[in-house]
Amino acid sequence: MKVAIVLSLLAAAAQATIGSSQVLRSLEDTSSVNESFAEPTLLESSDEPEDSIAASSTATEAPSGPTEAAIDPSGPTEATMDSPGLAEAAYPWHKPRVCKNVVDDVTYKGHDIEKTYRHNHKDCCDDCLKTHGCVAYVWTRTNHVGTCHLKSKVGKPCYLHGAKAAEVKKKPVGKCVKKFNTDFFGNDIGELRGDAKDCCRYCMVTKRCVGYSHFHGVCYLKSEVPKYGEYKKGVTSGYLIR
């Protein structure tokens, strides 16, 4: 009887030992599984420095389009597309050959109608052409400033040291037919500053001129003119009828 009780106690102890070992193995398996799941979490942590991460984040957020510095805000202005200076620079400057017989050290007495101040005596010719009734000029220099004495008549010639005198041969014959908002393109033989009303007179006293186009204070003299011309707002053109 005692032997049977001892045997049953030993069997129970053995079963308990087996169960404990199974529990331990189960716990070990569970721990290994947890470790395998925990490893990816540890691997996802970044080893990069914080400033490197910040730089990559900034690069990602930077806009892909052109920046303000790359965009040129200055477009073509009205001054570059539509200015008298641009028109004058595009062509050489010519004066009509009407004041070429200049006499040195001579003045014409009396008949002054106006004075202008020019450093070069050749500019007196333009002033006389633009002045109604002017037929001659005398240029004198005083204190390094030149003066154009515009004359309504050629008076008695007298000696005057340093002076320059000339008659302005401007006896136009004919008239001009005007066309508004019309440009006679090309065939330019010269240009002069002046109003649209001056262009006809310039053309009449300029060799080979048969017409003109006036734009932004400049008369563009033409050796040929088309039958109709091209539409251009603000341009006044004309042709001579002799």
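Each Cβ is built from the backbone N, Cα and C atoms, and glycine gets one as well.
A TrEMBL annotation is a machine prediction, not a hand-curated record.
Residues annotated as domain 'Apple' in TrEMBL: 107-151, 182-222. Look at TrEMBL and you will find 35-83 tagged as region 'Disordered'. Annotated signal peptide per TrEMBL: 1-16, in sequence order.
The DSSP breakdown of the domain 'Apple' (107-151) into helical (H, G, I), extended (E, B) and coil residues amounts to 9 helix, 22 strand, 14 coil.
Mean pLDDT for the domain 'Apple' (107-151) in this predicted model: 90.
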